Every structure is written in structure tokens, then in C-alpha cells.
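Chemist: Mind looking over this structure? Questions follow.
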Amino acid sequence: SFIGEESVAAGEGSILTDNPTWIIDPIDGTTNFVHRFPFVAVSIGFVVKKKIEFGIVYSCIEDKMYTARKGKGAFCNGQKLQVSGQEDITKSLLVTELGSNRDPEAIKIILSNMERLLSIPIHG
């Protein structure tokens, strides 16, 4: 099976089944792309029985290829990636994205979540 983010965003229906399925977003960061903001990627995932097996993200502008496979780790241009050992959230940097849904109910949920996150004493 195949699920394309751009077609789903355009309103076409899509159902994730247990079948092996490719999930592809050919312009991940469409809003960035439209505004010529240079953070755009091609994202590809492969799912079997609704569980991710591997994923690939190619950051076009940076020329970086991120790959990950279940049980095998994650890599950037072949170099193994490691998570930080930081366990204290107050010494962490928070990164978030607001999304593009402007439905009033979705905005309430997003802002409520942001309020909870901003109440944590993080670095930034």
C-alpha cells in the first residue's frame, strides 16, 4: 500500500491497514518550501502491521540523510546518532511546531498544550 501526505492533505481518504505500506511526504515542510524557508525534507517511512520498520528523511538544503531502522538505531549520513543523557528537563531546550490547522477547537488544544509546556522552567 501507499499513503502520500500531499494527497491526504488535499482531502483524499487513506486507511492504514496491516499491509506493508509506504508513507511518503515528498515535501515535508510544505509551508517552509512555499515561503522559501530552507528547512525542507523528503520523508519516507515503511510500515508493516501498523508498526514502523524503517524511515528515511533527506534534508535537501543541508544535504543530510537521516535513516533509522527498528532495533538498529538512527544515523545521519552514516554516522550513528545518540540521544543526550540529559534527564533534567529544566536544562533542556524545547522545540515545538504549531501546525497548520486553524480550526478553533484545534487552536484551543494547541494553546493549552503550549501553556503547560511554557510553565516548565526550561532553558528556552
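Start at 1 and count along the chain as shown; that gives each residue its number.
Note: Cβ is positioned from N, Cα and C throughout, glycine not excepted.
Nobody curates TrEMBL annotations by hand; they come from automatic prediction.
When I checked TrEMBL for this same protein, it listed these features:
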- Glu5, Asp25, Ile27, Asp28: Mg(2+) binding site (BINDING)
Chemist: For Asp28 (Mg(2+) binding site), what is the tally of other C-beta atoms lying within 10 angstroms of its C-beta?
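Modeler: For Asp28 (Mg(2+) binding site), the 10 Å Cβ neighbour count is 20.
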Chemist: Relative to the Cβ position of Glu5 (Mg(2+) binding site), how many further Cβ atoms are located within 10 Å?
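Modeler: The Cβ of Glu5 (Mg(2+) binding site) has 16 Cβ neighbours within 10 Å.
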Chemist: Out of Asp25, Ile27, give me whichever of these binding-site residues has the highest number of other Cβ atoms within 10 Å.
Modeler: Asp25
